[in-house]
Amino acid sequence: MKPLKILISNDDGVFAEGIRTLAIAAASRGHEVTVVCPDQERSATGHGLTLQAPIRAERADELFNEGIQAWGCSGTPADCVKLALNELLKEKPDLILSGINHGPNLGTDIFCSGTVAAALEGTLEGIPSLAVSIASFQWRKFKLAGELALNIAENAINQKWPKKLLLNLNIPPCDSEQMGKPGWTRLSIRQYQEQFSKRKDPRGNAYYWLAGEAVKDLESAGDGPKEWPSDVSQIETNSPSLTPIQPDLFWRGNVNDLPKLN
């Protein structure tokens, strides 16, 4: 295929190994790669935007291979994509990639994910966009994930990427010999046991650390072929999960179940 203009962002920051691996893999295929991502980790910021402070962007080419233009941005992941599309890039990219995230973005966790938000910003602008994550916080072998993400994105572009489609790719933490084939999945519904750790600062004032863990993954009752597994169950089989997402959050239940308006 002809070289693509690719914008890459993330929420783990400009120093993260995942984004560096993805950018280098894309450039090695002959694509024109630009990185615009947070200057430090900004995980779990969702689609937040910076409105009460200026946004600064500094060149960070030295962190990547020759030929890759890079900026570290003081804003959120969504800020980074907005800034890139409206100020930093001379031309609209053909593709936006977000990741490789250092940890999973499965099920309803996507609503908190800065990685998914960066890709969603591209989808809202009508640009083919894919978020890619390793489904483990400890796994640090990113090369296979980068190649798989590029294969899927290039294939989707060759087949004419549907409008308003965001692809969310999660990759199991295993080597290629143990990994199954990628498959289409539905979003699971993740339920957490939320916990706050209450502490006191040196002046005796209380503060809190949020901690929690997923205690239940429910099958979604929403749209999607029923034969598709959930993204969580797909990962549990050591197979990459690919979930099609759209920005339209309109409720699709029975309108007769809605509360009556006075």
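Using the three backbone atoms N, Cα and C, a Cβ is placed for every residue, glycine included.
Binding site for divalent metal cation per Swiss-Prot: Asp11, Asp12, Ser43, plus Asn101 from the candidate set Asn86, Asn101, Asn105.
Ranking the binding-site residues Asp11, Asp12 by how many Cβ atoms sit within 10 Å of each one's Cβ puts Asp11 at the top. Other Cβ atoms within 10 Å of the Cβ of Ser43 (divalent metal cation binding site), summed over all protein chains shown, number 17.
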